[in-house]
Every structure is written in structure tokens, then in C-alpha cells.
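Novice: Can you keep this structure in mind? I'll have questions shortly.
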Amino acid sequence: MTQIGESIVPDGGWGWMIVLASFMIHFVMDGITYSMGQVFLEPMMKQLSLSRASVSAIFGILPAVTLGAGPIATVLTNMYGFRLVAIIGACVASLGFFLSRWWANIWFSYITNGVIGGIGFALMYLPAIVSVNLYFEKKSAFALGIAVCGSGVGTFVLSYIMDAVVNI
């Protein structure tokens, strides 16, 4: 068996910037996903006069759509590339959360926070994971481990930030 060429995976260099970008995507995306319920549940229950289950569904729809839309994100990433899909995902998620500002009923929140936000997050999640492996071969587990640490750090930090913003 002949070897056509050596691997061109850099195992560092610009790859560390990709790790940082992936870390920040996980920081924001999972920080919002896993902190939103503990911060906004009580205020939304009071304002809408709804049960805990009805309001909690918003915070279940978001990760369900995020993970359920993975196959769509895969197709789009293969067609258009990591960067463009992640940028579009950030714009879609931002639009969903921005529109949720004017929620008048629970269904509007299901659509804006859960569905639109979830689709945006799906378009961000896949590129954030897969792009790290393009830049690392020997150190791929270490680099990916650093990238996904953004999830835990973001959940910890953003829960305090969101709580402070809500209480202003």
C-alpha cells in the first residue's frame, strides 16, 4: 500500500483560534440554554399566570429543537461551510431571542425561544464541534475538550449575569 501524502492537519497554530471560537459558541449557546429556565421561569409564570409545566416547556423545546435539527445543520454545513452556517445560526438565534421580547402568550414564546432559537443554535452547534477536528489530529481530544468546556463555564457565568440583568 502506498501513501499518497502526509497529513496536512496543523495540530495547533490557527487551530487554537478555532478552539477559542468553539469555546465561545458553547459558552453562549449552552449558557443561555441551561441558565434561561432558572432565571426566567418565575417571572414568566407570574406575568402570564401559567403553570410551571407550561412555562418550563419553553426551556425544553429549545434543546430539543437544537439537537433535533442536527441533520439539517449537517446538510447545510456540507453545502455552505462551517463559518457561514455558524454565522447564519447566530443571526437566527439572535432574531428568535430578540422577538421573544414581545411575548404576549405562551405559544409565541414556544416559537421564538424554542423553535427559532433552537434552529439557530443547531446551526451553531455542529460547526463548533466538527471544525475543531479539522485542525487537530494528535491533539484532537484535548482541543475538543477545551472547546466544549465552554458549555459548563457559560452555564455557570451566564446564570449570574442573566439573574443580574433581570433584577435591574
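Glycine is treated like the rest: Cβ placed from N, Cα and C.
According to TrEMBL, the protein has these features:
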- 14-34: transmembrane segment (TRANSMEM)
- 55-76: transmembrane segment (TRANSMEM)
- 82-103: transmembrane segment (TRANSMEM)
- 115-136: transmembrane segment (TRANSMEM)
- 142-162: transmembrane segment (TRANSMEM)
Novice: Rank 14-34, 55-76, 82-103 by Cβ pairs under 8 Å to the transmembrane segment (142-162) and hand me the top one.
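Specialist: The listed stretch sharing the most Cβ pairs with the transmembrane segment (142-162) is 14-34.
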Novice: Residues sitting near the transmembrane segment (55-76): Cβ under 8 Å, six or more positions beyond its termini, same chain?
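Specialist: Residues packing against the transmembrane segment (55-76) from afar: 29, 33, 36-37, 41, 44-45, 48, 85, 89, 106, 109-110, 113-115, 117-119, 121-123, 125-127.
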Novice: Cβ under 8 Å to the transmembrane segment (14-34), counting only same-chain residues 6 or more beyond its ends: which ones?
Specialist: 59, 62-63, 66, 86, 93, 97, 121, 124-125, 128-129, 131-132, 134-136, 143, 146-155, 157-159, 162
